[in-house]
Ligand SMILES: C[S@@+](CC[C@H](N)C(=O)[O-])C[C@H]1O[C@@H](n2cnc3c(N)ncnc32)[C@H](O)[C@@H]1O
């Protein structure tokens, strides 16, 4: 990955929105660590996603071509933790957060877990997920249409909670609170995985989709505030040079 492009804060594209560069405009609704006017921040994001086509390309901001590499990297990462025996994560139920049309559910989670739940703020994507997942959708138990800032996972329900390309849509405080609630939603030896873009330095706002991209140190500090420990961390390799670095963090 090309840190110079990240450092310049210009021309860094990202799966999730992709086509435009990450904007450096700081508007009235966003300052400093993230957000000044939460209502505007969340409603702008909802409006943005409502206009996005419900396809893999739409989910990845025009970078549908990297989906296979992404899923392969996720599978390798996750499989380190799954299995039987002490300390191993079970394969019962997974939660896909900010699931969109179920790109990750289809290729990563349903092949590994007995059942999967999806949560996303965009109803149209969840409707499309039922079509996109085809026959396998019978192993999806719940489609929750809700912002993660409001979502409360059921206590001790999940072996894995997968959170990909969505943390930038939460304020710092909401992300910490959400991660705390996720802790409560884990079964014994359960695992939370965050996989997301990281900025080379600081916090980079995106006024088009109403999100922020945080530097890795900040993401880690929010994880720690949530009372979680990073048990494994890896950078996703083989993505195009022009996009942000993507890191995956396994948390308990
Ligand atoms: C970049 S897409 C990623 C979708 C999926 N994680 C993937 O990798 O294919 C971001 C998703 O987050 C959802 N989203 C945006 N803000 C959200 C929020 N506050 N709570 C839950 N989902 C949100 C959007 O509807 C969209 O489906």
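Quick reminder: no glycine exception, Cβ is built from N, Cα and C everywhere.
Among the features that TrEMBL reports, S-adenosyl-L-methionine binding site is placed at 98, 103, 120, 121, 122, 148, 149, 164. Under DSSP, residue 122 (S-adenosyl-L-methionine binding site) is assigned to coil, being neither helix nor strand in the three-state scheme. Of all Cβ atoms in the shown protein chains, 22 besides its own fall within 10 Å of the Cβ of residue 122 (S-adenosyl-L-methionine binding site).
Marked as compositional bias 'Basic residues' by TrEMBL: 7-16.
Residues or ranges marked as region 'Disordered' in TrEMBL: 1-30.
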- prompt: Would you say which of the binding-site residues 149, 164 has the most Cβ atoms within 10 Å of its own Cβ?
  reply: 164
